[in-house]
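Straight from Swiss-Prot, the features:
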MOD_RES   MET1  N-acetylmethionine
DOMAIN    20-104  domain 'Death'
MOD_RES   LYS34  N6-acetyllysine
REGION    115-161  region 'Disordered'
DOMAIN    186-454  domain 'Protein kinase'
BINDING   192-200, LYS213, 313-316, ASP329  ATP binding site
ACT_SITE  ASP311  active site, proton acceptor
MOD_RES   THR342  phosphothreonine
MOD_RES   THR345  phosphothreonine
MOD_RES   SER346  phosphoserine
Amino acid sequence: MNKPLTPSTYIRNLNVGILRKLSDFIDPQEGWKKLAVAIKKPSGDDRYNQFHIRRFEALLQTGKSPTCELLFDWGTTNCTVGDLVDLLVQIELFAPATLLLPDAVPQTVKSLPPREAATVAQTHGPCQEKDRTSVMPMPKLEHSCEPPDSSSPDNRSVESSDTRFHSFSFHELKSITNNFDEQPASAGGNRMGEGGFGVVYKGCVNNTIVAVKKLGAMVEISTEELKQQFDQEIKVMATCQHENLVELLGFSSDSDNLCLVYAYMPNGSLLDRLSCLDGTPPLSWHTRCKVAQGTANGIRFLHENHHIHRDIKSANILLDKDFTAKISDFGLARASARLAQTVMTSRIVGTTAYMAPEALRGEITPKSDIYSFGVVLLELITGLAAVDENREPQLLLDIKEEIEDEEKTIEDYTDEKMSDADPASVEAMYSAASQCLHEKKNRRPDIAKVQQLLQEMSA
């Protein structure tokens, strides 16, 4: 017979049945991420960093529960059920807290219907809601950025909105991509690459090469959420055009296979060019500086028009024939009424190796884009990937610690494949990256300041 659970019961002593029930509550909507970032060391520092969270996340691909693995690991520190329940209540996961210690959950929460209980803290703190697909009206700046029709509801679908994009049939897109040929484009086929939410194929429309992204449901992404991201991408691109944002040409939504059609970027992604994929030559330092400045221009345009990208990374920075940077993938973008506003979301999204500490807690703020851009600047300097499990340190952003501890210098990490790197400008870009990567969001510069730092670097 199992012993009753008490606040002093060790987490490591929970039986498999209880762990399975906990994972049923905590695994969905990535509640385990919220729990992981809430767990602290005795010193008050975070116990789990981005790399740890990536490892837990990878377990989903093998069919394992990240919640169970997280509790197995944390359980080695002699933490108790009481400790766990305190954190579950803190992050508003009341159902699993009640499962463990019913009396530990506030009576006001338990007495509410389930839907209200899940959102009880909204009356007292920041709103925690599912990502909406609305786009806030935005002022016109130097480049075209028109607000959506205010007479239409925010949650309208793209089929009923005036998007100004061409509507392709899925049959047309099959035709222009050779039936979505899976052979790599580098080998004469059509497949160009794979992203977080779909596969990109090369196509040809009226003698013009285009890129067709066929969206596909990934682990933990439902069909409904994929449709929301599809709608969001179109709405953002319909209202914002800028030389440093990728150009959306059209879409297809007449079948179960949602597709987006973009202008073709001959030089692929910054990630691929930094890794010299397919034997391409390394980017010069001059080109890297140009890419950094172009990306900063694009981020500034988004922020000044009240948009937070939420997934700035080298894979989402595309390069045209002149190596002009084009920010892509706006499916996770979020509209914010005020530039400095921080809101909360119940779903933590983005790429972990680039995510700011507050983003891992579910905060949505422009300063998280700044942090992610800091990682991109490190990639430009070093030519290294943001994360590599076979490297030490595994997270690229951790080189900042080594440099601050005077164990190494930025020269030790500068990409040796560059022949024109200027030590002074490399140091200046690293200084900008270091400021972007400050743990405290309010200590990071805004994007206008980052632009200034990058311009001074090239002066």
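Placed from the backbone N, Cα and C atoms, the Cβ positions cover glycine too.
For MET192 (ATP binding site), the count of additional Cβ atoms within 10 Å of its Cβ stands at 22 [all protein chains shown].
Spatially close to LYS313 (ATP binding site) yet at least six residues away along the chain are LEU271, THR351, ALA353, TYR354, SER372, VAL375, VAL376, ALA386, judged by Cβ distances under 8 angstroms. Cβ neighbour count within 10 Å across all protein chains ranks VAL200 highest among the binding-site residues VAL200, ALA315. Between the CA atoms of VAL200 (ATP binding site) and the residue listed as 'active site, proton acceptor' there is a gap of 18 Å, rounded to the nearest whole number. Rounded to a whole number, the distance between the Cα atoms of ASP329 (ATP binding site) and ASP311 (active site, proton acceptor) is 8 Å. The separation of LYS34 (N6-acetyllysine) from ALA315 (ATP binding site), Cα to Cα, is 25 Å.
Here the CA atom of ASP329 (ATP binding site) lies 24 Å from the CA atom of the residue listed as 'N6-acetyllysine'. Sequence-distant neighbours of GLU194 (ATP binding site) (same chain, 6+ residues apart, CB-CB distance under 8 A): VAL200. DSSP assigns ALA315 (ATP binding site) to a helical segment in the three-state reduction. The DSSP secondary structure for MET192 (ATP binding site) is strand. Averaged over the domain 'Death' (20-104), the predicted model reaches a pLDDT of 86. Remark: secondary structure over the domain 'Death' (20-104) totals 61 helix, 3 strand, 21 coil, with classes taken from DSSP.
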